[in-house]
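**Q** Got a structure for you, questions after.
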Amino acid sequence: MRHRFLSFKKDKYLENLKHYQTLAKGQAPKFMVIACADSRVCPSSILGFQPGEAFVVRNVANLVPPHENGPTETNAALEFSVNSLEVENILVVGHSCCGGIHALMSMQDVKNSSGSFIKSWVVVGKDARLRTKSAVSNLDLDQQCRHCEKESINRSLLNLLTYPWIEDRVKRGTLSLHGGYYDFIDCTFEKWTLDCSRHASKVDGEYSVKNREFWS
């Protein structure tokens, strides 16, 4: 770590000293990124975010709990990034082979998650699990997990709209909600934006997306 830090200081910090001195006075990122804690999924490395460009929070399975669930470190970060930093974009990044999603899909009873910190957390994604089971119950567990990895991203995007201060900015057009899926098996990335023009997307749990892109 020492060698890596000194290399960073020499090759990046000192080479961009003016930029880092500006950052020392304050930050004004345009993006808030919610990504998985998985060691293989670093949003700064994958998407090239430089210091000062993205406010990042990482948790197991990149989940966003609904407002009604109460305080967590994830929604505390959301509150700060949206209300104080006034980010213009929130990006939820999921990925292939997610252990958190596998744990969620492997649960026998989502109503009984006591005794495990992991289960108590991933149960936040129970709606994504339910919709996955309904849509692809005929597939094997690995295929169901892949489906749920993407479904849970959209569930998290909808959960973002349960926060009044997020919903207000989305309605005013000052904040956009994006989903991203990184497949590290073949190194591809899917990106889309939640279409919030339909009020039904919040009322009945359905959603539509726009500006879908596939990078390979």
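Glycine residues also receive a Cβ, built from the backbone N, Cα and C atoms like all the rest.
So TrEMBL says this about it:
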type	residues	note
BINDING	CYS36, ASP38, HIS95, CYS98	Zn(2+) binding site
**Q** List, in sequence order, the same-chain residues at least six positions removed whose CB sits under 8 Å from that of ASP38 (Zn(2+) binding site)?
**A** HIS95, CYS98, GLY99
**Q** In the same chain, which residues outside the set CYS36, ASP38, HIS95, CYS98 have their CB within 8 A of the centroid of the CB atoms that define the Zn(2+) site?
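**A** For the Zn(2+) site the neighbour list reads ALA35, ALA37, ARG40, VAL41, ALA61, ASN62, GLY94, SER96, CYS97, GLY99, GLY100, ILE101, GLU149, TYR182.
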**Q** Near HIS95 (Zn(2+) binding site), how many other Cβ atoms are within 10 Å of its Cβ?
**A** 23
**Q** Cβ distance under 8 Å to CYS36 (Zn(2+) binding site), same chain, sequence separation 6 or more: which residues?
**A** ARG58, ASN59, VAL60, ALA61, ASN62, VAL93, GLY94, HIS95, CYS98, GLY100
**Q** Counting across all protein chains present, how many other Cβ atoms fall within 10 Å of the Cβ of CYS98 (Zn(2+) binding site)?
**A** 23
